[in-house]
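Listed features, source TrEMBL:
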BINDING   ARG46, ASP104, GLU105, SER106, LYS146, GLY163, ASP164, HIS241, SER242  substrate binding site
BINDING   HIS117, HIS142, ASP143, HIS215, HIS241, ASP274  Fe cation binding site
Amino acid sequence: MTILIEQSDHFGAEVEAKTEPINERELVLDGGFLIPQTNSFGHMFRAYNDAVSERREGVENFYRKNHTYQSVDFVKKMREEYAKLNRVEMSIWECCELLNEVVDESDPDLDEPQIEHLLQTAEAIRRDYPDEDWLHLTGLIHDLGKVLNLPSFGGLPQWAVVGDTFPVGCRFDESIVHHKYFKENPDYNNPAYNTKYGIYSERCGLNNVMMSWGHDDYMYLVAKENSTTLPSAALFIIRYHSFYALHREGAYKHLLNDEDVENLKWLHIFNKYDLYSKSKVRIDVERVKPYYLSLIEKYFPAKLKW
C-alpha cells in the first residue's frame with residue numbers, strides 16, 4: 001500500500017498516492033466484495049489533488065527527496081544494512097501490536113491505528129476467499145515493514161520507508177508520480193541506468209530487479225530470510241504492493257517473467273482490498289486474534305529476526 005504520512009521533523013514531508021477514479025465495472029471484486037464509492041470521511045479514495053490540495057507542497061517535497069535519493073547506490077546500502085536482521089527478535093503478532101501505536105494521521109481514508117487497517121484488509125479478504133488462508137495472513141502482515149520508521153529499527157526518514165515504489169537501475173518510467181524530480185537523481189543521466197532495460201534484460205524477473213527501498217522490500221526480506229512457508233504469490237504481494245507503476249499503470253511489464261505474470265493476478269485482487277476495505281467500523285481484535293495466531297504459527301517461526 002502507498003501510505004501518506006505527515007512528518008514533523010526536518011525530513012518533513014507527505015507521501016502522495018495518485019488518484020484514479022473508481023471504475024464502475026470494477027465495483028464488485030471476484031469474491032463479491034463491494035467497493036464503496038467513498039472512504040470513511042466521505043471523500044474519494046486516494047483523492048489528494050482536490051480534496052487536500054493544501055498538502056500539495058508537502059507531497060512534492062516528499063517526492064523531491066524520494067526521487068533524488070533513491071538511487072542504485074542507496075538501495076544497495078539499505079539492502080546490505082537491513083539484510084543483517086540484527087535489530088529486534090520478535091513474533092509477527094508482537095510486530096502487529098507495535099504498529100498498534102502508529103496512527104497515520106495524514107491518510108485521507110483512515111485515522112485509526114495501523115492494526116485496524118491490517119485487520120480490515122485481512123478480514124475483507126477472508127470473507128470473500130475463505131479457503132485462501134495464506135492471503136488472509138498476507139493482508140495482516142503486508143505493511144509491517146513500516147517499523148522502519150521507529151528508532152529501534154533505524155528511524156529512517158519517510159522518503160526511505162513509504163510512497164510508491166519503482167525499479168532503480170533502469171529508466172524511471174514517466175507514469176511514476178512527480179517524475180520530474182528524478183532529474184536530480186544521480187542515476188538519471190548515468191548511461192548504465194537510464195535506458196529502458198538499464199542493468200536488466202527482457203523478462204529477467206522482478207526478483208532480479210532492485211526496487212526503491214522501503215517497507216515493502218523490508219518485510220519481504222524479513223519473511224524470506226526467516227523461512228516463511230507462504231507461497232510465492234504472498235511474497236510477491238508483500239514486496240510489490242506499492243509498485244503502482246506496474247499494477248496500476250502497466251509499466252515495466254517487459255521485466256516480468258512467467259511467475260511474475262501469474263503472481264500479478266493475485267496482486268491485482270489484493271490491492272483492491274488493501275485500498276478499499278478501510279472504514280470506521282472497528283475490528284474486534286480479541287475475537288479474530290486466535291485465528292490469525294494459528295496462521296502465523298502455520299507459516300512462520302515463533303520468533304523472527306528483524
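Just so it is clear, glycine is given a Cβ too, placed from its N, Cα and C backbone atoms.
From a predicted model like this one, the values you see are computed outputs, not experimental measurements.
In this structure the C-alpha atoms belonging to ASP274 (Fe cation binding site) and SER242 (substrate binding site) are separated by 11 Å. Here the candidates are the binding-site residues LYS146, ASP164, SER242, and by Cα distance the one nearest HIS215 (Fe cation binding site) turns out to be LYS146. Comparing Cβ neighbour counts within 10 Å across the binding-site residues ASP143, ASP164, the minimum falls on ASP164. The shortest Cα-Cα distance from ASP164 (substrate binding site) to any of the binding-site residues (HIS117, HIS142, ASP143, HIS241) is found for HIS241. Around HIS142 (Fe cation binding site), a 10 Å sphere centred on its CB holds 25 further CB atoms from the protein chains shown. Cβ neighbour count within 10 Å across all protein chains ranks SER242 highest among the binding-site residues HIS117, HIS241, SER242, ASP274. Between the C-alpha atoms of HIS117 (Fe cation binding site) and LYS146 (substrate binding site), the distance comes to 13 Å.
Residue environment of HIS215 (Fe cation binding site) contains 26 other Cβ atoms, counted within 10 Å of its Cβ in all protein chains. A Cα-Cα distance of 10 Å separates HIS142 (Fe cation binding site) from SER242 (substrate binding site).
Separating the Cα atoms of LYS146 (substrate binding site) and HIS241 (Fe cation binding site) is a whole-number distance of 13 Å. Across the structure, SER242 (substrate binding site) and ASP143 (Fe cation binding site) are spaced 10 Å apart at their Cα atoms.
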